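Chemist: My questions will all concern the structure given below.
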């Protein structure tokens, strides 16, 4: 059992009771909801005659089904419109804060909570979305939950959970040029596997993470779940505090000083005991691209697709399946693979720093003929900031479409979908079969900068070979 980790401290502080099952009844400090996993939960509350216990601890927005082109109401998709109306009514009925389209605060749930200062160190955070681990970048314990658990949080502000073990994932050194936070997490998942983190919370540590911005830390924590870890976090530090200071929901005045003192106290102790420790060298990480149908099937841009002998007996069947589905062969270089669609956005890489970096590679270049490329800001605030900096003009002049905020093609529960066998270069987080809207569509995951490189070349390309414009 680990001692002195942030995970242990936050877990213990939020423990209401230990249940006969051995699970912990855990108090949830912040509950985030959206239009997809909440309607049924509210219906279950109504059927049982229950109210939302602490409506002030729940914040809602719309993101999954939101169109990124024509957002006029009612939506053309009648089911999407019904889901929108259901969430609007539920929030009104229960007094829940709701950030709707046009409010200036709408966006992907895992983008808006941090940018508003709602996400803070030491919190327990739950959301009916598997990428809730994003918020761990602040030193919060955050995890995705199912619809019945959404109901439980609404009704009791608690969850019954089994405590996770803690694995320290340490990365040391300065990242090489052209290597980003997305490459770091893809490299970790490639090495530890998509099931390697099952039963664990990942504590991301080491000098590489100490140098990262909050946006970069969020990218890494976002994809903890792709590595099997339900929760991933980084200990809060001055970078965390500077990000939060002055944000709308962050503490102010004397409360701020008290908050920072407490946030520092929950950091993992120097002598904390972990259930496991793995160490990586930042210099071993290169621009990384997934080639298959799981986030663990990734390789460096200079590598070729591995043969079956590279995989364990247990992993060989899915590797064989990936070769066939992706129409790629062992020994084939990933560089030069033709792309049809290039997507920049999602809760993994739709923040302002992602767009700034991508724009520096797009500037002065042109999207290749036959390639559809588009950029979807993660929130209305991100969109407004990007436009104030003129980033939208850079993208549009390069041939990218500039869209409204939403989850977009990450999961294609909206009009943004692949068609047929199209192959997508995507800054999102999942590359499962059919993930981006077509049952036969194919997805390659990579950093936003690498997506721009692919868009310009019309094929998977090394961003290190693309000139970078001045900011």
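Every residue gets a Cβ built from N, Cα and C, even glycine.
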Chemist: Check Swiss-Prot: it lists 407, 410 as binding [4Fe-4S] cluster. Then name which of 342, 347 it lists for that same site.
Modeler: 347
Chemist: If you count other C-beta atoms within 10 angstroms, which of the binding-site residues 347, 407 is the most crowded?
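Modeler: Per the Cβ count within 10 Å, the most buried is 407.
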Chemist: When you measure from the Cβ of residue 410 ([4Fe-4S] cluster binding site), how many other Cβ atoms are you left with inside 10 Å?
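Modeler: By my count, 30.
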Chemist: Compute the mean position of the Cβ atoms of 347, 407, 410, which form the recorded [4Fe-4S] cluster site, and then list in sequence order the other residues of that chain whose Cβ is within 8 Å of it.
Modeler: 63, 64, 108, 131, 345, 346, 348, 350, 378, 406, 408, 411, 428, 429
